[in-house]
Structures are given as structure tokens and as C-alpha cells.
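Enquirer: Could you have a look at this structure, given as C-alpha cells, before my questions?
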């Protein structure tokens with residue numbers, strides 16, 4: 001009988017019981033499921049680029065990009081497509097199979113869409129999977145991104161419904177669920193997870209995973225972030241989470257969503273190699289690669305590759321792993337750009 005049963009009817013008490021298992025029992029269960037559904041030594045690598053930084057109107061208490069907090073972050077306008085392509089090419093050459101683009105918006109404006117869809121098309125021409133995180137999406141906007149070929153859309157739930165109001169007040173939990181519905185209906189793959197270490201209780205971590213696991217279809221990718229405390233944000237002095245509770249969250253996510261990629265996301269820069277190793281054993285099989293995640297630090301690429309070698313892990317090969325034709329692909333992508341790229345850029349500016 002398969003251990004990797006896909007369910008959408010998890011009760012919170014059942015999830016809390018998993019969290020309460022002795023660590024050895026929890027890790028054994030999670031790793032057994034992980035080994036049944038994935039190559040246990042393969043890790044999918046994504047690169048995340050901030051294509052528009054700062055000045056976000058939302059009040060997420062963890063976020064240095066909120067315009068409501070003085071974090072010293074300088075706002076930047078939307079990046080030109082050629083700069084995005086340069087970063088995407090570099091990411092692919094470094095071993096990333098997916099390129100994620102994030103903008104600090106509540107939601108994209110309709111006049112931004114032609115520019116964003118062109119960006120998607122040009123990055124895909126390099127032979128990479130594409131992902132964007134732009135805030136809330138209407139069904140029409142989701143459809144346009146899907147038509148452009150966007151593979152994944154990220155929109156995190158952040159935490160449990162019960163704790164959500166302590167984290168953010170400018171966007172409802174239901175609006176996040178609605179965006180996920182719009183993304184899934186468009187045919188794109190869903191990337192959705194949350195953040196732990198924000199002062200929530202263990203029952204909130206269970207509640208977050210319950211929401212994700214009980215979606216009509218599990219997210220294809222589930223990023224689990226450890227809070228990165230940033231000076232100037234309301235959460236800068238919040239108590240640290242026990243690292244073993246982070247491992248438990250990874251393990252339970254693997255059990256509840258056996259066929260989803262579980263991404264070891266923000267916060268790795270402060271994690272020991274030993275802690276990351278436990279997370280990989282518990283079922284994490286995706287990371288963000290590169291020295292920065294939007295505006296927060298991330299391990300250096302060489303450090304990640306060194307850890308992979310020591311653990312016997314290897315990167316997942318992307319849809320076009322052979323990079324010999326990168327120059328031709330990049331030239332093709334550049335040639336496909338609309339001659340009015342500057343017009344697109346001006347229209348999408350702050």
C-alpha cells in the first residue's frame with residue numbers, strides 16, 4: 001500500500017498529531033513518503049529576482065518592502081526586460097531550472113500586463129520554467145499570464161486564518177484564496193506556502209498546512225520560509241523559532257502534500273548545514289539559489305554547491321538542461337521583443 005496518499009480532507013487534530021510525533025518517527029514517515037514520490041537526492045533549483053522593489057502599500061509586518069515601515073530600502077522601478085534576461089541567463093548557467101520574478105505590488109495594473117507577458121515570453125525562450133509573484137490577480141490577469149506561457153504563479157497564504165490578522169490587515173485571507181483559484185483556473189501551476197517564526201503558535205503552523213493541503217488541488221510547489229527579521233519592521237524583535245520546529249513543519253508538509261515540491265525558502269542564510277540537511281531528509285526538495293531573495297540575504301551559490309556535494313545531492317535538470325545554445329536563445333528572445341519595449345517600460349513605471 002502506498003504511503004503517499006493524496007488527501008484533501010485533513011482535520012487540524014490529525015495534523016497536530018503529526019507535529020507531536022517523536023522526531024525520529026516523524027522524520028521516518030516523511031522521508032519514506034518523500035522517497036516513494038521523488039528522487040530523494042534531487043533538488044530543484046530556482047532563482048528569484050526582484051523586478052520591482054519597495055513602495056508596496058500593504059502592511060505585512062514581516063516585509064521590508066512595505067512603504068509603511070522605515071527599513072532603509074530604496075524603491076526601484078520595474079526592471080527593463082533586457083536586464084531581466086541577463087539575470088535569467090546567468091541563473092540558468094549557474095544551474096537554475098526555474099526563474100522567478102517578484103514585484104512589490106498589491107496587484108498588477110492592467111497597463112502593466114503587456115510588459116509582464118512579454119517578459120514571460122522572453123524568459124521562456126531561454127528554455128527555463130517561469131514563475132511570477134505580483135500580488136493579487138484577477139481571473140483576466142491570470143488568463144493573460146497563462147496565455148503568455150507563465151508556468152507557475154506564487155501567492156503565499158503566509159499563516160493560519162486565525163493568526164493572519166496579527167500579520168497583515170490590508171488584504172484578506174479570502175482574497176489570497178481567490179487569487180489561487182484564479183491561477184489554477186487559468187491552467188497555471190500554483191506555488192503557495194507560508195512563513196513560520198512570526199510569533200505564531202504550533203496550532204497556527206498546523207492550520208497553515210491544513211489550508212494548503214485541503215485545497216481542491218495541492219499546490220505544485222510549497223515554499224516554507226523561516227522569518228528573516230529586518231530592522232524597521234514590526235517583527236524585527238520577535239522571538240526566534242526553535243529550528244527543530246521548522247524541520248517539523250517541512251516534514252508535515254511532505255506528509256500532507258506528498259507529490260508537491262516542498263521548497264526550503266527564505267531564512268537559509270542563518271541555518272546551519274546540519275539544519276538544512278535535516279530539512280532535505282524531511283522532504284524539502286527545492287531551494288532558491290543565489291545570494292539574495294528579493295531583498296533578503298541567501299547563501300552564496302558556492303556554499304550551496306559545496307553542501308550538495310557533501311550530501312550527495314544533485315540539481316534537477318530543467319526542461320532544456322543543455323546550455324550550449326544559450327547565446328542563440330538569448331538572441332532569439334531579444335529579437336522577439338516588441339520594438340516598443342521602452343513604451344512598455346514607461347507604461348509600467350511607478
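Here the Cβ of each residue, glycine as well, is placed from N, Cα and C on the backbone.
As annotated by Swiss-Prot, domain 'Radical SAM core' applies to 41-268, with the evidence given as sequence analysis. Summarising the annotation, Swiss-Prot assigns [4Fe-4S] cluster binding site to 56, 60, 63. Residues annotated as [2Fe-2S] cluster binding site in Swiss-Prot, with sequence analysis given as evidence: 100, 131, 191, 263.
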Enquirer: Counting other Cβ atoms within 10 Å of each Cβ, which of the binding-site residues 56, 191 scores lowest?
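Expert: Across 56, 191, these binding-site residues, the one with fewest Cβ atoms within 10 Å is 56.
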Enquirer: Return the average pLDDT for the domain 'Radical SAM core' (41-268) as a whole number.
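Expert: Here the mean pLDDT over the domain 'Radical SAM core' (41-268) amounts to 92.
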Enquirer: C-alpha of residue 263 ([2Fe-2S] cluster binding site) to C-alpha of residue 63 ([4Fe-4S] cluster binding site): distance in Å?
Expert: 19
Enquirer: Go through 60, 63, 100, 131, our binding-site residues, and report the one whose Cβ sees the most other Cβ atoms within 10 Å.
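Expert: Selected residue: 100.
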Enquirer: Mind giving me a neighbour count for residue 263 ([2Fe-2S] cluster binding site)? Other Cβ atoms within 10 Å of its Cβ, every protein chain shown.
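Expert: I get 24 for this one.
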Enquirer: Is any of the binding-site residues 56, 60, 63 within 10 Å of residue 191 ([2Fe-2S] cluster binding site) (Cα-Cα), and if so, which, in sequence order?
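Expert: Passing the 10 Å Cα cut: none.
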Enquirer: What's the CA-CA gap between residue 56 ([4Fe-4S] cluster binding site) and residue 100 ([2Fe-2S] cluster binding site) in angstrom, rounded?
Expert: 19
Enquirer: Would you mind pulling the DSSP three-state label for residue 60 ([4Fe-4S] cluster binding site)?
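Expert: Once the DSSP labels are grouped into three classes, residue 60 ([4Fe-4S] cluster binding site) ends up as coil.
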Enquirer: Rounded to the nearest Å, what's the C-alpha distance separating residue 100 ([2Fe-2S] cluster binding site) and residue 60 ([4Fe-4S] cluster binding site)? Just drop the number here, would you?
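Expert: Residue 100 ([2Fe-2S] cluster binding site) and residue 60 ([4Fe-4S] cluster binding site) have their Cα atoms 21 Å apart.
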Enquirer: Any idea what the Cα distance is from residue 60 ([4Fe-4S] cluster binding site) over to residue 131 ([2Fe-2S] cluster binding site), rounded to a whole Å?
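Expert: Checking the Cα atoms of residue 60 ([4Fe-4S] cluster binding site) and residue 131 ([2Fe-2S] cluster binding site) gives a distance of 22 Å.
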Enquirer: Between residue 63 ([4Fe-4S] cluster binding site) and residue 131 ([2Fe-2S] cluster binding site), how far is it from one CA atom to the other, in Å?
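Expert: With the alpha carbons as reference points, the distance is 20 Å.
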